[in-house]
Amino acid sequence: MLLYVFYILSAITLGTAFLTVISKNAIHSAIYLVVCFFSLAGHYLLFNAQFLAVVHIIVYAGAIMVLLLFTLMLMNLNNEDETSKPLYTKFAAVISAGLLCLVLIAALRKALPENIEYVNSGTDFQSIKVLGKVLLNEYAVPFEFASVLLLVSMIGAVLISKKEEKI
Amino acid sequence: MNILETVGINNYIMLSALLFCIGAFGLLYRRNAIIMFMSIEIMLNAVNLLLVAFSSYHEDPSGQVFVFFTMAVAAAEVAVGLAILVSVFRNIGNIDIDNLKNLKG
Amino acid sequence: MSTLIAIVGIGIFCLLAEIMNLRKIIIPVTIVSLMALFGLTLTGNLPEIKGYESMIVMDSYGKIFSCLFILLTALLVLQSAPSYVKGTKVSDFISIKVFMLSGAVAMVTFTNMAMFFLGIEVLSIGLYVLAGSDRLNIKSNEAGMKYFLMGSFASGILLFGIAMLYGATGAFDVATLQEASISASTEYWFYIGVILITIGMLFKVAATPMHFWAPDVYEGSPTQVTAMMSTLAKVTAMASFFKLITILNSQMLYSYTEVIIVVTIATMLFGNIMALRQKKIKRVLAYSGVSHTGFMLLTLLNINEAQNNLLFYATSYAIAGLAAFSVVLFVIKNEDNDQIDNFNGLAKKSPLMAFIMTIALLSMAGIPILAGFFAKFFLLSQIITSGFIGLAIVAIINSMIAVFYYFKVIVAMYTKEAEYEKEYANHSEYYIVGIVAAILLLVIGLFPDALMNLL
Amino acid sequence: MNTTILLLLFAPLVGFLINIFFGKSLGKTVSGVIGTATVFISFLCTLCLFSQINSGAETIKFHLADWFTVGSIKVNFSFLLDQLSVLWLLFVTGIGTLIHLYSISYMHDDENMHKFFSYLNLFVFFMIALVAGSNLLIMFIGWEGVGLCSYLLIGFWYKNQDYNDAAKKAFIMNRIGDLGFLIGIFILGYTFNTLEFLEIKSLLGKDVISPSLLSIAALCLFIGACGKSAQLPLSTWLPDAMAGPTPVSALIHAATMVTAGIFMVTRMNFLFDLTPDVQNVIAIVGTITAVVAASIGLVQNDIKKVLAYSTVSQLGLMFLALGLGAYEVAVFHVITHAFFKACLFLGSGSVIHALHGEQDMRNMGGLRKVMPITFWTMMISTLAISGIFPFSGFWSKDEILMTAFHANIPLWVIGSIASIMTAFYMFRLMYLTFFNDFRGTEEQKHHLHESPALITVPLIILGTLAAVGGVISLPGNSWLNHYMAPLFAHKAHGEHHLDSQAYMLMAIATIGALVGIGIAYSMYLKKKQVPVADNEVQGLHKVLSNKYYLDEIYMAIIVKPLYAISTFAKNFIEKYLSKTVFGFGSATYALSIQGKRIQNGNIGVYLFAFILGICGFLIYLFNIRN
Amino acid sequence: MNISIVLIVLLVGAIATYVSGNKLASKIALLTSIAAFGATLYALNAFNGGENLDVNTIWINRPAVNFALHVDGLSMAMLLLTTGLLPLIIASGFVTKFENEKAIYALMLFMGFAMAGTFLAADGFLYYIFWEIALIPIYFIALKWGNGDIEARKKAILKFFIYTFAGSLFMLLAFIYLYTKGGSFDINKLYALQLNSTEKTYIFFAFFLAYAIKIPVVPFHTWQANTYSKAPGVGTMLLSGIMLKMGLYSVLRWQLPLSDSAAKEYMPIIVALSIAGIIYGAVVTLKQKNIKKLLAYSSLSHVGLIAAGLYSLTIEGFQGAVLQMLSHGLVIVGLFYVVELIYNRYHTYEIKEMGGIRIQDTYFASLFMIIMLASVALPTTFNFIGEFNLLYSLFKVNMWYAIIAGTTIILGAFYMLRMFQKVMLGGETKSFQKISKQESIVLVIIVVVTIFFGLFPQPIIDLIEPSLQSILTQIK
């Protein structure tokens, strides 16, 4: 049962991801991407990582996608205005991405044993409580440091967008 | 009952590798900056999926904690990226990366 | 830890100062406090905050490199002052730079991959912003865009690598990873992680074939940002790359060594050969930076003994870069035009600046008695000791090629006449940074021991 | 004694220094007098030494100073005054004095007269060093030094580039010989660890040394002698050297310097005695030179050139004697030759002086009456050189031929032919110059006059010596052989008994000379022939007047190819060598263009390279390797 | 008293010259150089008195580098050459009006400092540093004050710089390798190092590359003629008078003792190569049209002979080489000075545009002629002593070497006399202003010194011989 769910979800994930990158219309891409994110959230749920799934939805589907869509709308880019490229560049893209895929998977297949034993010990490791503890004890420094990161990006975004005034 | 018992970690690794490659493909294939951003998001999400899977596999919360950081990074990148994109758009009127070929040689 | 906090504190002060209308004091205070921090960190007088050893440890490697970064940042801030002081965004710029410094410090002091990842992202995002910060300039936009896209891609790969490491070991902390790297029972995919991280870092240090962004971005970015990229960012990436390899791959596979050798040779050659025909000074320096990356990558072949050499090379390269960029800033002013022709006749107009540039370029070219010579010398002796004589010969051939384009600039300064009356950006900051850097180059060259014994 | 030697050595040097530094301010006459006086002082000193040596005093070794050491060889400034060197010095300084005296008048019109005298003094100094040196290197100093002075004096009128060419040629051909000399010095130095003549002589007797090495050494020294004494194949410089002022030709290119080769071989006689092969070579080269030069001399029209070829020819005869081991005979001929050839040159100088620089005999004639002293002295010398009894040349030449006759008949035959030719061309010269009517311009005719006393006095002295010089070594009672006997290891060759064979040979020689004279008489005096213009000559005559095309051959096989190689090297090798070396540079430069095409600003390409890089890494590290 | 005083004088003098400004610079430079020469003479006196002039202090700990200067006869002789020629070269600069005089004279002194250091250094690393920094000043001198078209000049000089730099980098490699073997750069420790023959071969050729380019030995000479013709007179003098000798000196001091077995093994080849250089240089010289190039190629020929003597590994060869270095240094400076004097009047280096000078200035012509004759090694000039030794050493190796190398005395005479004839002789064509007393001083000094040492070379031989013997023992 779960296996089928996994396959379906995986198919959705990959399919929508693929559609995202090949859709001519950027809005369509965005929609597909949202679907992709939801399917990923489904995967998280399969892992029993409910908190993560929720956060994922909020951050990606809620924040990032909205930001992207907003920008798209702002620029009025909903219709196709991407100049058509020569065929060979597309060809090169397909070849190289395919090669990357092939090589990466081959490497992984070579590295991974056929069946990795998984033992479920039943310990709680992904409830909000545990995550919170880990995040704010062990990972307090990176947690705080992430704020610096966000601060930088915030200042940066403002810096680039704001008009310079001479004094 | 855990998904890994049924599906196995291998499949998840493969899945995220494929997803990652789709992201890379998008980056190569498209010249629309926004869609390239999306491709990058796909790549980051592939990694997130991998992290979550490994977190489950090791029954270790730090993987999931790391996902939060990844999300923060993704958000930050998108914010900055969009800011740059907007200024590009303001200057040249579109967001086709192929128009950005002034710097070369 | 306390260094990191202090740096972030300085960054926040910049932001607050803006709010409190203290814009004028931002730069002086930043520089002074950074210098104070430099002294405190170097002498170890900073009160150490305990309890976060799982994330950050200020070991000697981290300490010395942090000091180098702090020094560089202080000089870079001083150097960039004339560009920002007239605008309203001074606090933004300065705070971003200071925050980037914090990222840099995190990158060499981390004991957990999360810290490393965040550090590198802080640095990178700061650079994306700065690269695109000249918002009305299309070149700057392009640089920001290119850097951002490729950088994010590299981040993704880096992240994938970290995830693989995590998958193989179940942990992010350095100690476990290090143990895993030398333990025989480690999952094989650990090495996929190592390789992906290597690739990500090769991008950050701009090594062939991941270097293509560097010249374009260097050229398009505002000059003071280019200075930062080619000095602080490169050195930081290199230092943290070195640290990562120490952790992840201290017992390097032979095939991995081979790959590094190939990359090194390719990087040196590519950088040097491409620099030959450049007409723009920033591109010349960018490509020369690429070739210097190749040299610095040589340290990875002997991670156990080479950290001094890396420190020496990084220091001399970064300081020479600072000196060079001071002159570049001085010469090209705010103009969009950074052709080497601008240097024509500099020796007559401003012998001092021409002299500083000469010192910087000679140091980069590895002419004795300057710091760059010793840097190359240490590297060469290191690789010869470990038996890579062929590699040493390649390195030497590269030094020869490099002379060609460095001297092109020197020739322009000393022999050519300026075609038109040129105004220079006559700011004392450029002089100060240039002189300090030139003196440092000379002093390090005269007393290389002092620097070598730090680590 | 030491003072005498020092004075002998350095008086000409002092003269040189005075003249070079102060000559101009001293005035022409004073500088001439100084130049002459210093050489005369040397002459007096030499006389003094000669009287001692002749009265049986010990050989004098004079150590002036240390010079330098080469490895284990010590080279000193030291001088050896024995029978040979003193004798040689005697006529060098003696004739030198006369020629200096002559020059005072001859060069009086030249603005650089003080230079002329300083060079002449320097020449005498180096000649003294050459002759008096006690080791090979001191001799080499003199050897090169006289070469230098010869260069300076041939090119004395340096405004004329032809003269400069002649000077250069003389120097360079001498240098070819010098290289041989130098190699010879190396061999001897290497073998004996010393360069002192006396030490080598004593070591030669003791040690067993590979004969082939000695032969090479001797041959090399002979090459040196060839260069200096203008023997084939290095003979062509001497006729060209006539570009110098006539006193120079007399002193350097007739009497003294060119005989340095003979001096050297005589000096090293102990070596040559041990190498019969080389002696044969010397004899053959000498004979061939004698006849070849004489044959060229038959058709020359320039009065000085005739004398020059005659000199070469006579030198060849001397080498013939040397090759036969008859050193004292060669020396005897050197001395008589010095007298009569100097006289002839000075006489020709007097003629040229009278004709204001005209040297072509076709434009002379009938000078006998206007210039009686010149005529008579030259006539005596001509008779001497032609080997007419009882003039000095008769005795010396006769001895050479007699020696040759005893040793090797073919050489004797060829030598005799050469001396017949000598008689012919010398009388040709006399007839063309002094007999018949004057063929020059009216202008010249108007100014014809006998030369002043300063010119004629030396002529008279030399003429006298040329006439009676033979007395020093009369057959059967030779003072010279006796005097020089200590120098030579073996019994002198020249001591021929005056038997019937000897008389017959003398007769043959005299008849030969008379035949030569007779032909000349019939052609030039009786038929009043005048040689045709240069472009009208034909056949063998043309070959001869072009000196067997030796210059052209050298030009074609040595100089031209050398220039061609030089041009080739300069324009081709240098260029392509440079290009090859910097091909690396250009190649990298060219690569740079290709690189710029990749770096085309397109982010897709960059990403493409990036991903290919990743793939390369992974493939290399995981799929191919284990 | 130690020998570093000479270096200090030169360095301080260089700075003082720069500081003193354009008006005083030339005089201060001359004074400094004379002071340095005085210091050298003083040191020579002390050295002959048996005093130890060495300096040895630790400079860098890791790698172990000492500031070690060692004085023996050989380095003393080279130091004499350097500090002796420096005043002459500086004085010969007086005939030319340079712009920015303070810089060029300071650079000249600085170069003197570096070259003197090269001759004195007894530590491989220190030696390398001196060796390399000597390049910088000459690069700038040639670049800034050179003559001819700027583009062509830039190319030629850059070529020179990169070429020599390239060579010396291989030397650096060899030094590093030696260091990894012995753990020290100290010359005596390096001498004592036990290496196998393969290593020695590699080291031999690494050094050879550096020196062959610097000396230069055919076919590594392509930089030379162009650089000489483009550099200003003083630069050419520095290059040919002293800098070439750095390479030759280094062969003796470093290359041969450090790679003895290889030196012996490859001796015939290297000597043959050097001899080929003699002939080749002479042949190419014949047809040169530019007088500076002509002298450059003649120099190539001469140093070929010196190199051949060095590589012959005989005491005569060493001795002759050192003597010839000194004499060639003097004479070539004189010749280039003559060229400079002519250039100042005719503004050309083309031989065909000269001529008829002797008739106008016989004094000048005489001085020139003596120097020219010295360069063709006429006996009683200093050059003869050296050349005699050198040819003798070649003879000891192989008679044919001596014969072939000996053709230099013929060819040398050929091209020199030819040049002299074309430049000086002939009728008056262009008016030539007579040289002044001041201008002639340099020439007079050179003539006097050349002849003096031609007559009394023994003091110098005595000075250098012990050190050469010890080097030879080291090799054997």
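Residue positions begin at 1 at the first shown residue.
For all residues, glycine too, the Cβ spot is worked out from N, Cα and C.
TrEMBL lists C:112-401 with the feature domain 'NADH:quinone oxidoreductase/Mrp antiporter transmembrane'.
Sequence annotations record features per position, and here TrEMBL assigns transmembrane segment to C:27-49 (among others).
The transmembrane segment feature in TrEMBL is assigned to C:61-78 (among others).
Positions annotated as transmembrane segment by TrEMBL: C:98-131 (among others).
Look at TrEMBL and you will find C:147-168 (among others) tagged as transmembrane segment. The list of residues near the transmembrane segment (C:147-168) in space but at least 6 beyond its ends in sequence, with Cβ under 8 angstroms from a Cβ of it, reads 113, 117, 120-121, 124, 127-128, 131-132, 177, 180, 186-187, 189-190, 192-201, 203-204, 210, 212-213, 217, 248.
Summarising the annotation, TrEMBL assigns transmembrane segment to C:188-207 (among others).
The transmembrane segment annotation in TrEMBL covers C:227-247 (among others).
Per TrEMBL, the feature transmembrane segment maps to C:253-272 (among others).
Feature annotation from TrEMBL assigns transmembrane segment to C:310-332 (among others). Same-chain residues lying 6 or more positions outside the transmembrane segment (C:310-332) and placing a CB less than 8 Å from one of its CB atoms are 64-65, 68, 72, 75-76, 79, 82-83, 223-224, 226-227, 230-232, 234-235, 238-239, 242, 281-282, 285, 289, 292, 295-296, 299, 338, 342-343, 346, 350, 353-354, 356-357, 359-361, 363-364, 370-372, 374-376, 378-379, 422, 424-427, 430-431, 433-434, 437-438, 440-441, 444, 448, 451-452, 454-455.
The transmembrane segment feature in TrEMBL is assigned to C:352-375 (among others). Sequence-distant contacts of the transmembrane segment (C:352-375) (same chain, at least 6 residues past either end, Cβ-Cβ under 8 Å): 288, 292, 295, 309, 312-313, 315-317, 319-321, 323-324, 326-327, 330-331, 343, 346, 399, 402-403, 406-407, 409-410, 413-414, 424, 430-431, 434-435, 437-438, 440-442, 444-446, 448.
Residues 261, 264-265, 268-269, 272-273, 275-276, 278, 284, 287-288, 291, 294-295, 298, 301, 361-362, 364-366, 376, 379-380 of the same chain sit 6 or more residues outside the transmembrane segment (C:387-407) yet have a Cβ under 8 Å from a Cβ within it. Feature annotation from TrEMBL assigns transmembrane segment to C:387-407 (among others).
The transmembrane segment annotation in TrEMBL covers C:428-447 (among others).
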Assess whether the transmembrane segment (C:227-247) lies in contact with the transmembrane segment (C:188-207), where contact requires at least three Cβ pairs under 8 Å among residues 6 or more apart in sequence.
yes
Cβ pairs under 8 Å with the transmembrane segment (C:188-207): which stretch of C:27-49, C:61-78, C:98-131, C:253-272, C:428-447 has the most?
C:253-272
Report, as numbers and ranges, every residue of the chain located at least six residues beyond the transmembrane segment (C:27-49) whose Cβ falls under 8 Å of a Cβ in that stretch; write 'none' if there are none.
1-3, 5-7, 10, 13-14, 17, 58, 63-64, 66-67, 70-71, 73-74, 77-78, 81, 84-85, 90, 94, 98, 101
